[in-house]
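Features of the protein shown, as given by TrEMBL:
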{"type": "TRANSMEM", "residues": "15-36", "note": "transmembrane segment"}
{"type": "REPEAT", "residues": "40-106", "note": "repeat 'FG-GAP'"}
{"type": "REPEAT", "residues": "189-243", "note": "repeat 'FG-GAP'"}
{"type": "REPEAT", "residues": "244-296", "note": "repeat 'FG-GAP'"}
{"type": "REPEAT", "residues": "298-336", "note": "repeat 'FG-GAP'"}
{"type": "REPEAT", "residues": "370-414", "note": "repeat 'FG-GAP'"}
Amino acid sequence: MPQPPHSLNIIRRPLNILFSLPTKFILILFTLFIGIEGFNVDTKNAQIHRRPNTGFGYTVDFAYRDSRNRKLTLLVGAPFAQTSQRRLQNTGAVYGCEVDTNLCVEIFFDQKGNELRLNGTSLLPIEEKSHQMFGATIVASKNGDNVLACAPHYKYFFAKFDVVEPVGSCYYSRDYFSKIQEFAPCRQEPARHGHHRLGYGMCGFSAAVPDFGNERLFISAPGAWYWQGSVFSQNIHNITDRPNTADGPAYTDNQELGYSTATGDFDGDKLDDIVVGVPRGNELIGMVSIYSRQLKPIANLTEKDGQRGQYFGASVAVLDFNNDGLADIVVGSPLYINWANVDGKTQERKPQYDIGKISVYIQTGIGTFREPVIILGHEQWSRFGYSLAAAGDLNGDGFQDLLVGAPYDGEEGR
């Protein structure tokens with residue numbers, strides 16, 4: 001993801017927390033290194049964009065709109081927005097917003113409406129794009145040239161019009177939005193629908209665009225195989241070349257593999273592999289699975305004494321914390337409960353519910369990691385670790401920084 005322009009200097013401390021209040025989401029910046037350095041983001045004079053009642057800001061990323069001036073555009077998902085497509089309701093939208101003005105315009109990935117097919121003598125929609133939550137997922141390539149935007153609630157009727165299921169769909173924009181192509185790997189005929197197959201896959205619930213070896217896209221389907229979940233490795237040049245992780249035994253039902261995704265090199269071939277959150281796996285403790293680009297297993301990250309229900313793997317991010325050239329992994333557990341908290345006045349044990357935490361795994365070699373560094377949230381119900389983003393080097397110290405979302409922290413839990 002390319003980085004936005006920076007301005008004001010703000011002092012930062014080791015493992016310090018930067019709160020941007022009273023915005024809707026709290027962004028928290030961490031560094032794992034010692035020192036006090038400047039932090040180059042203007043938090044006092046923010047450019048604010050709004051689109052009420054659309055879910056505007058559900059997801060964001062940065063990209064370039066054209067190849068000439070290379071000016072960054074803020075991409076903003078609004079999955080409940082009403083668009084101009086005929087006979088459709090609240091399809092969702094993606095907006096391109098200027099970073100230094102209040103201008104926001106819709107970026108049109110799809111204007112075709114529902115496809116119609118003959119059912120006997122009647123011409124009927126074979127798909128339903130109303131309420132599809134387009135813009136719930138937006139991912140840009142690191143160089144900002146290519147963008148993947150998804151509608152995980154997109155529904156398809158299949159050939160006989162007797163089954164409608166939320167298969168999900170994504171649109172991939174290449175070369176500064178000049179080429180746009182649809183990929184819906186869960187929409188397969190014949191006979192791939194149903195809870196026990198791909199019909200409820202919700203492809204595009206999360207997704208990732210590799211920075212290296214980017215002839216493929218990674219598109220998740222956490223509802224596939226009775227919600228075991230699956231991840232597709234989609235060839236952008238061949239729509240039928242889309243291998244995916246297979247269904248497993250019955251005890252892996254409801255694990256939601258693919259709830260979150262990120263990319264990095266973990267097998268040493270200099271090409272991006274896929275990191276996949278499985279927040280209900282490992283007996284509800286949660287885990288993270290790492291696969292190669294060919295979806296061969298590399299490693300699993302689990303917690304020895306993990307807490308059931310913490311949703312470990314609800315979010316994942318990949319960055320190189322220590323500049324050793326190896327990709328490291330951060331895992332969010334937004335529903336983590338701090339049972340060890342003690343009331344400062346009464347000295348009685350007082351659990352902090354949904355305080356959340358993140359776990360930082362430093363890669364030491366192919367498929368191997370150090371024991372994780374654990375960082376807890378600060379406020380009960382804040383769900384610290386709900387979202388994660390590798391932010392690049394924000395302060396110019398040569399090390400990459402991390403943004404952590406805590407959507408119910410801040411003023412009045414907003």
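Including glycine, each Cβ sits where the backbone N, Cα and C put it.
Predicted automatically and left uncurated, TrEMBL annotations should be read as such.
With DSSP states grouped into helix (H, G, I), strand (E, B) and coil, the repeat 'FG-GAP' (189-243) comes out at 4 helix, 15 strand, 36 coil.
Each residue in the repeat 'FG-GAP' (370-414) gets a DSSP state, and the totals come to 3 helix, 16 strand, 26 coil. Each residue in the repeat 'FG-GAP' (40-106) gets a DSSP state, and the totals come to 0 helix, 22 strand, 45 coil.
For the repeat 'FG-GAP' (298-336), residue counts in helix, strand and coil come to 0 helix, 16 strand, 23 coil, using DSSP.
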